[in-house]
Amino acid sequence: MEAQMKRPRTWRKLVKKLQRKKRRQKLARDRDKKLEEEELQKRNDHSYKQWLEHQEHMEELQRIADEKEQQENEEQWLRRELLAQKQFQREQQMRLAEEKAQEELREQQYKKLKELEEAKKRQQEERQRKAEEAAKELEETIKICDEYLQDPGMATPTRMQGYIETRPGEKQCEFYKKTQCCRFGYRCSHSHTRPLLSNIILIRNFFQHRLLDQQQHEEYSSAEEQLEMGEGDLRSDYDEFCADVWPELEQFGEIVNFRTARNVQPHARGTVFVEYKHKRSALKAFINLQSRYYAAKRLNVEFAHITHWRTAVCGHSGSLHQICLDGFSPPRV
């Protein structure tokens, strides 16, 4: 019974659905027909035709403007791209040039460093070679000196008869040549010549005395200090000095001349010259006195070459800045 009742309802729903569909289709056909009629009417209308032509013309203008703008934009992009490429190439070239310059600089620095290291190595090898040669020469010299000292009948070795020059090839310093003293010392622009072996030794600044220091700086010394000490005190102290050092110097051999510079200038003040009768005696004194101490000062012993004592020693003339040696009178020993 219920099934029979449901069938008419289903059929009515289907009928209504079909009716709605037909109505929609009819409305759509009417609407399309109306639009076609309106479109046909518009096409037949002159003003509408003009409007359409105007629209088409405007669209064409817009299209042309769009194409032109697109072309301009593309050209601008191409120009920017070209500029960017050129800028990139310039930067690339600059970077490559900078890298090349840095590489060349590194190579130069490395080459310079290598050259410096090689030069340093050569200098070190040269110093080592010279040191070895000097050590070997010193060893041979010591050996020869020992043989010379041990054999009284042996003549002076040939290698000990030469001279040492501070500046080979330069002009001889006349002051040093005459007195074996020079105010400029090793800074002198002329050459100082010293013998390798001589019968005369000198001990620089061996005799020290307060009066000589005061005379060098008279402008700083007071009248009381000058009254406290005079020539008599200087002579007395010098005789005492000679009595102290003479026996030590004489034990190496016979002394034929003993001179002490009383100059007040530091390069000659108190320098003692000892002339032995024989070179062998001077060599003994040189070896034994070298680097010894006297009055808390280390002795600096050298061989000297005085051609004429008369030209070297001026005597006590009272001048404080003589070029020649201002000597004491011979010691009373």
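These residue numbers are counts, starting from 1, taken along the chain as shown.
Note: Cβ is positioned from N, Cα and C throughout, glycine not excepted.
Curation plays no part in TrEMBL annotations; they are all automatic predictions.
What TrEMBL says about this one:
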type     : residues : note
REGION   : 1-49     : region 'Disordered'
COMPBIAS : 1-26     : compositional bias 'Basic residues'
COMPBIAS : 27-49    : compositional bias 'Basic and acidic residues'
ZN_FING  : 167-195  : zinc finger
DOMAIN   : 199-306  : domain 'RRM'
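Under DSSP, residues within the zinc finger (167-195) fall into helix, strand and coil as 9 helix, 5 strand, 15 coil. Here the compositional bias 'Basic and acidic residues' (27-49) is broken down by DSSP into helix, strand and coil counts: 22 helix, 0 strand, 1 coil. DSSP states for the domain 'RRM' (199-306), grouped as helix (H, G, I), strand (E, B) and coil, give 44 helix, 24 strand, 40 coil.
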